[in-house]
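For reference, the structure is listed below as structure tokens.
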Amino acid sequence: MAVCARLCGVGPSRGCRRRQQRRGPAETAAADSEPDTDPEEERIEAGAAALAGAGGGRGAGPSPPPRCSLLELPPELLVEIFASLPGTDLPSLAQVCTKFRRILHTDTIWRRRCREEYGVCENLRKLDITGVSCRDVYAKLLHRYRHILGLWQPDIGPYGGLLNVVVDGLFIIGWMYLPPHDPHVDDPMRFKPLFRVHLMERKSATVECMYGHRGPHNGHIQIVKKDEFSTKCNQTDHHRMSGGRQEEFRTWLREEWGRTLEDIFHEHMQELILMKFIYTSQYDNCLTYRRIYLPPSHPDDLIRPGLFKGTYGSHGLEIVMLSFHGKRARGTKITGDPNIPAGQQTVEIDLMHRIQLPDVESLRSFNELSRIVLEVREQVRQEQQQREDGAEDGEGRAPQSPREPQRGPAQPSVELPAEKGGGPADGEAAAAAAPAPEQPAQSGQGQPFVLPVGVSSRNEDYPRTCRMCFYGTGLIAGHGFTSPERTPGVFILFDEDRFGFIWLELKSFSLYSRVRATFRNAEAPSPQAFEEMLKNIQSLTS
């Protein structure tokens, strides 16, 4: 209060127009303009001038320097100053005095706030035709719906999804992102609008549902709680087609899979497709969304984390989020299926246990690859057992001497070269598990790669060279996420944008390709917030 009074040059008296109560942007934007002059302000300024004149005749000391007041600045300079302030601070500024309130009615200020805070690049001058001001756009559209901007996962049972809500011109649009048609994992993502919000008149913003094939229609958005909102369609008849459910299914199949049911010869795949259509159709009128973040990146990450498209057999392509957590990497499903639902960790990579693949001819043998992986798994199990035993023994022991360091998880034996004098079996195990002298990730070199005979792949167009491989585990389960278990596998890093995973027990290979779309308002505020988000989406389907 005192600060505002000093800036205005009117002192801490009743001349300051700021009140204790705070108004929202919408209320301030709708406030009527007051007279340009304030009698109380004029009285105070006149009194201050009289005092200055009375003291001018005294010779007791130097006269005080002239006082600088914001009120004395020209209006065009105040417009420039106010336009550089955050839009959330302007309502309080409008309550300081009448002059500030009048200046804050200038549309130039709000046009700049729309552009800098929300990226509105449209020519906002066109709004004059409709009678909607930039102040209305900011207060009634952008500021009001700012909480739904960002990346979201819809609650559609095990299937999940990926929604990005962005400011698009003078609209706020919710875009649903879909993987490309199976098995073209390198193709770009597909997307379609689910809803939009726009301001057509000065009263309030309009929410429209975009689902169906009959154009936009009346909808509703409700912010349930922090990081969660829901949408509802008020005209579900727009979702129906004249040909009934059969026509709706054929249309959905072409959009979802890019083919007809007659083109799919696998009976199990037909059942999965029909099941997904029936299940997801129940959510065409009301959906709940929960906020998700893109994973934070660090300079020492194996590759840049982010979203990837992956092949999952008869389930088609799914979206997976790759993130790094110290000595491990995780692949979390953003979209899922009835076996492994969205939110679960589909793969986990142990970055401390690198696998050296054999030559191409030996790699063609599935038994050879299986032998190498199972040896590493046994080594991982033994190291884990040693750590647990060491922790139990350490409870009753004195702290270890610094001269006798104990090898911890950061220095596993798999990284060490074979000791001299070891037998042939020991030498083979070490050669299979230990890293190569020169790591391809740093040198840029690759090694030949081919899938073992008997390992199935939805996409035969996989890279024939890889940088490096690591031991990992993949999550498998029965229908309905029954009897889930983690089974051994191999993580293959091909390049910065592609990796693969061999599911040893399933004799199956999944190829993953980076999602190249740019998502706005999707960065996590902190690493802790990202970890909490992962726990939340996993708990919903556990």
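Cβ atoms are placed via backbone N, Cα and C, with glycine included.
Automatic prediction, not curation, is the source of TrEMBL annotations.
Note that the structure is a prediction, hence the values are computed from the model and not measured.
Per TrEMBL, region 'Disordered' is recorded for 12-43 (among others).
TrEMBL lists 33-43 with the feature compositional bias 'Acidic residues'.
Among the features that TrEMBL reports, domain 'F-box' is placed at 67-113. In the predicted model, the domain 'F-box' (67-113) has a mean pLDDT of 86.
The region 'Disordered' annotation in TrEMBL covers 380-450 (among others).
Marked as compositional bias 'Basic and acidic residues' by TrEMBL: 380-389. Helix, strand and coil counts from DSSP across the compositional bias 'Basic and acidic residues' (380-389) read 10 helix, 0 strand, 0 coil.
Under the heading compositional bias 'Low complexity', TrEMBL lists 426-448.
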Exercise for the section: Provide the three-state DSSP residue tally for the domain 'F-box' (67-113): helix first, then strand, then coil. Expected result: 33 helix, 0 strand, 14 coil
